[in-house]
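Q: Take a look at this one; I'll ask things after.
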């Protein structure tokens, strides 16, 4: 290998030409040298190539039953929604693995792969607040190990107006994939509060609806599949900035909303809508059950435009959580609220216990508030706040017991000291 210098005879890297003094390490081979910087660069090139090969087509796609069983471990109730989502997600990723996903624009050009082209099936999730819509989507993404992003439709406006462009939704997905665009192109985007961008009136208006119908129009292309230009730093586009190009053809969109008032539209269509004393009693008790009978024309009347509805072929619903379901949510799932707080108390070396009656009262209070499962955490925080404030300053407490009176009457919880526990153990021994 070439040597330079008159007195020191410095060796050079055969690839980049840097001398041994310019690098940290120079490794010798038969007649060649390579520096640590070139080795690191080679590793990066190999990792990029391996990442391209190890795309979604190489991972084992769980069957609908397996996806459903996984959802069962974390989500209480909502059986129809879990089944629909399991099938829809399985079909979506099976379509990608089979290589039937067309490139953007091929639908318009009439290009077919193997004579049969499988279209993408985005999902519309309808149901009251606090019933697990977002949690269902998050759990799905965790099972599939794909990038997942949550967006709020209320922040979106049509391009050129104050607010977020729809492309910012795609930026969140790219960020969730650590800026790996290939990985992001097979991720899941969950858009919440989609009912808030409904048309302000059923009939088209001469005034521009930039946060309603305008947003629906702007979402059409990315829902269907297009190559979108995304500003890497978010915000508005301007002509002199660079963009990230992302193909949304294989991105699964799950859009969700409470659609308050939709049950009245469904009732009017089906002829079950009564007035005053004529209203059927079972309808008064649980209007959300009628969500299961939703038809595209009901969504059109609610304020979604036909083109938007057409890009959401899978429509599934969730229903209000009843008392037994709320009690189960507190204690049964893997990430049950009681288990979460017990783990938090364990970090301070304290055992947290709940009476069954205490869980009943918490569920009853959540029902009264009408906020579904979200109300459970708020109530738990209110109940445990005084204990969580004092407990870290005390090292004599072994366990804390929450009873029904603690929840209902704000009574102090039962605190059992370490010496009491030790005495009980000695007696039992």
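Each Cβ is built from the backbone N, Cα and C atoms, and glycine gets one as well.
Bear in mind that the values here come from a model prediction, so they are computed numbers and not experimental data.
Here's the feature list from Swiss-Prot:
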DOMAIN    1-54  domain 'ClpX-type ZB'
BINDING   13, 16, 35, 38  Zn(2+) binding site
BINDING   128, 129, 130, 131, 132, 133, 134, 135  ATP binding site
Q: What is the Cβ neighbour count of residue 13 (Zn(2+) binding site) at a 10 Å cut-off, with all protein chains included?
A: 22
Q: Within 10 Å of the Cβ of residue 133 (ATP binding site), how many other Cβ atoms are there?
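A: Result for residue 133 (ATP binding site): 26 neighbouring Cβ atoms inside 10 Å.
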Q: Considering only the binding-site residues 13, 16, 35, 38, which residue has the minimal Cα-Cα separation from residue 134 (ATP binding site)?
A: 38
Q: Does DSSP put residue 35 (Zn(2+) binding site) in a helix, in a strand, or in coil?
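A: The three-state answer is strand.
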Q: Using C-alpha atoms only, work out the spacing between residue 133 (ATP binding site) and residue 38 (Zn(2+) binding site) and round it to an integer in Å.
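A: Residue 133 (ATP binding site) and residue 38 (Zn(2+) binding site) have their Cα atoms 49 Å apart.
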Q: Any idea what the model's mean pLDDT is for the domain 'ClpX-type ZB' (1-54)?
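A: Across the residues of the domain 'ClpX-type ZB' (1-54) the model's pLDDT averages 78 on the 0 to 100 scale.
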Q: Can you name every residue in this chain, apart from 128, 129, 130, 131, 132, 133, 134, 135, with its Cβ inside 8 Å of the center of the Cβ atoms of the recorded ATP site?
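A: Neighbours within 8 Å of the Cβ centroid, excluding 128, 129, 130, 131, 132, 133, 134, 135: 127, 318, 372, 373, 374.
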Q: State the Cα to Cα distance, in Å, between residue 35 (Zn(2+) binding site) and residue 135 (ATP binding site), rounded to an integer.
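A: Per the Cα atoms, residue 35 (Zn(2+) binding site) and residue 135 (ATP binding site) stand 49 Å apart.
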Q: Reduced to three states, what secondary structure does DSSP give residue 13 (Zn(2+) binding site)?
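A: The three-state answer is coil.
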Q: Would you find the one among the binding-site residues 128, 130, 132 whose Cβ has the most company, meaning other Cβ atoms within 10 Å?
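A: Result of the Cβ crowding comparison: 132.
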Q: Just counting, how many other CB atoms are there within 10 A of the CB of residue 131 (ATP binding site)?
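A: Neighbour count, Cβ to Cβ under the 10 Å cut-off: 24.
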